[in-house]
Amino acid sequence: MRIAIGNLKEATHPDTLKAAFAELVSMFIFVFPSEGCAIALANMMTSDGAATPGGGFIAAAISHAFSLFVAVSVSANISGGHVNPAVTFGAFLGGHISLFKTILYWIAQLLGSVTALFLLKIATGGLDTSSYALRGGETPWNAVIFMIVMTFQLVYTVYATTIDPKSGDMECIAPISIGFVVGANTLGGGGLYGAAMNPAMAFGQAVDSWKWNSQWIYWFGPFVGAAIAALVYEAIFISSRNAHEQLPTKDLWEEFETLVPAPGCECEKSKEYVLHFQKLKLFQFLMGFNETYTQARSQILLMTPLPNVNQAYAMVISDESHKSVASQAGILGMSPAVNDKNLEIAMYARNGPGGSNNQKFKKNFNL
């Protein structure tokens with residue numbers, strides 16, 4: 001588990017605030033039609049309280065799947081398309097987002113949910129919105145287990161299709177995969193506990209109805225499921241892969257270190273020199289970026305503590321993969337996805353001193 005704390009400077013950075021706003025808008029896009037469908041189904045029920053027909057669950061599942069597909073798609077290249085506090089928590093546990101940024105995302109997601117339900121109530125003339133609650137006969141722990149399993153499936157899907165640096169072309173179908181897993185779980189659990197894989201949606205419903213009796217279930221369960229999915233995927237796939245695979249920069253920097261060896265003693269001055277040398281390598285690496293990677297460079301430099309150069313490379317590749325989701329899907333009108341060759345050109349377009357070494361650097365990168 002890799003925890004990144006971040007700092008206040010990162011939390012107030014324009015790029016971070018834009019990402020949080022994107023999460024707010026995406027949550028609104030998800031909640032408004034999903035809850036609107038639930039209100040419409042409830043409004044169609046007979047006056048004697050007959051149960052929602054089976055077709056209602058199918059309609060609700062389709063509404064959830066389609067709205068989440070759109071919500072993830074429109075924010076994937078800005079915030080990563082979390083649209084769920086549990087997904088953000090899973091990304092935080094894997095070290096893919098800092099604590100400060102996580103808190104901002106959570107605030108934005110909750111505001112997006114509350115705003116959607118508030119406007120929905122106005123638009124429907126005051127009709128009651130749905131609220132997650134236990135049905136007769138179930139215990140809270142039955143519901144918690146259900147939430148854990150469903151959210152595990154969701155966050156595992158997010159990791160496999162978006163967060164994993166090796167996801168590659170899978171990212172072009174990430175939004176629809178995420179939408180489908182939520183739709184499927186809505187069919188499977190909607191009639192039991194409401195299939196609340198999203199604490200922000202449960203929070204918005206609680207604020208609207210002011211019913212907080214079972215609210216803890218819809219936070220505890222999803223967060224536990226998200227944590228299990230994140231830790232399992234990180235331990236089995238990402239961490240083990242990193243332990244056996246060298247990043248393309250490793251050989252080059254090891255060669256560089258033989259030319260400028262670190263001090264042999266373990267005094268404080270030597271330790272300070274080693275840290276300074278590591279920062280110097282990182283700065284040299286980041287200064288090779290052109291304007292295409294200004295945002296990624298800024299985010300890395302704001303991290304506390306600073307990553308080493310190989311970690312920074314992995315972050316840039318992961319960020320580039322996230323940005324390619326929408327462009328590969330062809331749904332946002334973005335420029336064609338940056339492929340590996342374009343990445344090499346963009347990152348090392350500058351011609352600095354030592355041209356032959358620069359070419360060797362690109363060759364060692366093996367992009």
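Glycine is no exception: its Cβ is also placed from the backbone N, Cα and C atoms.
Unlike curated records, TrEMBL annotations are generated automatically.
Note on TrEMBL: of 172-196, 272-296, the range annotated with the feature transmembrane segment is 172-196. Of the ranges 21-45, 140-160, 172-196, 216-238, the one with the most Cβ pairs under 8 Å to the transmembrane segment (57-78) is 172-196.
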